[in-house]
Amino acid sequence: MSFIASRNALRAQLRPQFARTFASTPSAYAQSLKERLTELIPKEIENVKAVRAAHGNKSFGEVTVDQAYGGMRGIKGLIWEGSVLDADEGIRFRGLTIPEVQQKLPTAPGGSEPLPEALFWLLVTGEVPTEEQVKGLSQEWAARAELPKFVEELIDRCPNTLHPMTQFSIAVNALNHDSAFAKAYSNGVHKREYWKITFDDSMDLIAKLPNIAGRIFRNVFGDGKLPPIDANKDYSANLATLLGFGDNADFVDLMRLYITIHSDHEGGNVSAHTGHLVGSALSDPFLAFAASLNGLAGPLHGLANQEVLRWVQKMRAAVGEEPSDEKVAEYVWSTLKSGQVVPGYGHAVLRKTDPRYTAQREFALKHLPNDPGFKLVGQIYKIVPNILLEAGKAKNPWPNVDAHSGVLLTYYGLHQQDFYTVLFGVSRAFGVVSQLIWDRALGMPLERPKSYSTEAIKKMFEGK
């Protein structure tokens with residue numbers, strides 16, 4: 001049976017189950033995300049036209065030579081609809097802060113954290129979905145979750161010594177084989193239709209990520225045996241089950257929070273920008289997101305969370321259980337004096353405690369207040385900012401999202417640190433592909449900024 005035929009058969013099988021599950025909702029079927037987008041896109045095209053007509057010739061501000069050499073920090077040059085990062089306030093997803101997202105988005109029965117399905121709907125539409133719409137999205141992702149056989153075999157043939165992120169990138173690249181966008185483009189599809197097939201690929205991509213991540217995890221760290229996707233469970237519950245933690249309701253809720261807060265952080269970070277850049281060449285969502293994953297695998301981006309945990313564990317071994325503030329401070333100073341940074345502190349944009357850190361801290365206070373690892377992380381939070389300010393090491397001495405996630409995963413038994421960035425990657429897909437859909441809907445062009453050599457800069461300002 002072909003993939004499409006098997007998917008349609010699964011959908012037919014699932015509909016009666018979900019009709020029973022959703023019987024308490026006002027209608028049997030909610031408006032789909034694609035149907036809602038079809039209504040929103042014409043209005044947004046006109047909105048963008050109006051913005052460009054009114055403000056197209058206005059300047060965002062000057063660009064300095066230091067910014068060109070300094071990683072383009074602070075240069076305003078990208079459109080990213082899903083989220084905006086404020087230096088003092090933190091991230092807003094379509095205008096909502098993280099506490100507002102936690103308050104307004106639907107949760108699973110018995111859960112307290114927002115469902116990632118709801119967050120994806122918000123990122124794509126700018127609207128808070130109903131519970132019925134979220135359940136429909138869960139159903140669709142379950143129906144699309146099966147991997148092509150050759151992708152399963154490709155993952156299975158990877159040596160256990162190959163880093164999980166490398167395996168992740170290989171598998172996502174391989175999904176390009178069945179890309180609806182790539183096939184339609186080669187057949188001459190009209191550009192007005194680009195967003196629809198980009199949407200289909202994006203839905204397939206997100207749906208298949210738990211199976212990819214779970215297969216990698218079980219192959220590298222387990223027995224290679226993988227349970228099936230459960231059509232009656234939400235996305236995070238299925239991911240947790242594939243990893244072997246599905247029976248722990250608190251871990252499942254942590255996955256819901258984790259995916260939500262790691263999903264998007266405006267467009268200038270490495271993984272988001274890379275996906276946008278590669279997608280601007282009309283590469284399909286699988287190729288674009290695989291490129292995002294390769295950026296996320298770097299130690300200055302997604303790999304940072306495991307570096308934080310390793311540093312905390314080394315500190316714990318050195319200072320012992322329940323250390324004094326003085327001992328913790330001594331260890332922090334020794335890290336700085338050895339020419340290293342304190343991992344998990346500071347951010348390229350933020351100038352306050354990362355709200356994503358705060359959300360994780362609140363989760364820990366609720367579920368693991370007496371855990372020694374969490375207590376040490378809290379102690380570090382109290383001590384490190386003042387030391388960094390005293391040392392003059394950071395404009396922002398406050399913790400970012402990476403400063404907390406590792407200790408939570410470890411508490412629940414997920415000790416395999418090399419896998420942590422894979423979870424980050426699953427999450428980041430939500431932000432990357434939601435913007436990619438809008439890039440195609442709005443007809444965004446190939447990204448091509450201007451570059452200069454050092455000699456050209458010297459000549460440009462010679463005598464000035």
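Note: Cβ is positioned from N, Cα and C throughout, glycine not excepted.
Owing to the predicted nature of the structure, the values given are computational and were not obtained by experimental measurement.
Annotated active site per TrEMBL: H301 (among others), in sequence order.
A sphere of 10 angstroms centred on the C-beta of H347 (active site) encloses 23 other C-beta atoms. The active site annotation in TrEMBL covers H347 (among others).
Within 10 Å of the C-beta of D402 (active site) we count 26 further C-beta atoms, all protein chains included. Look at TrEMBL and you will find D402 (among others) tagged as active site.
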Non-local Cβ contacts of H301 (active site) (under 8 Å, 6 or more apart, same chain)?
N269, V270, S271, G295
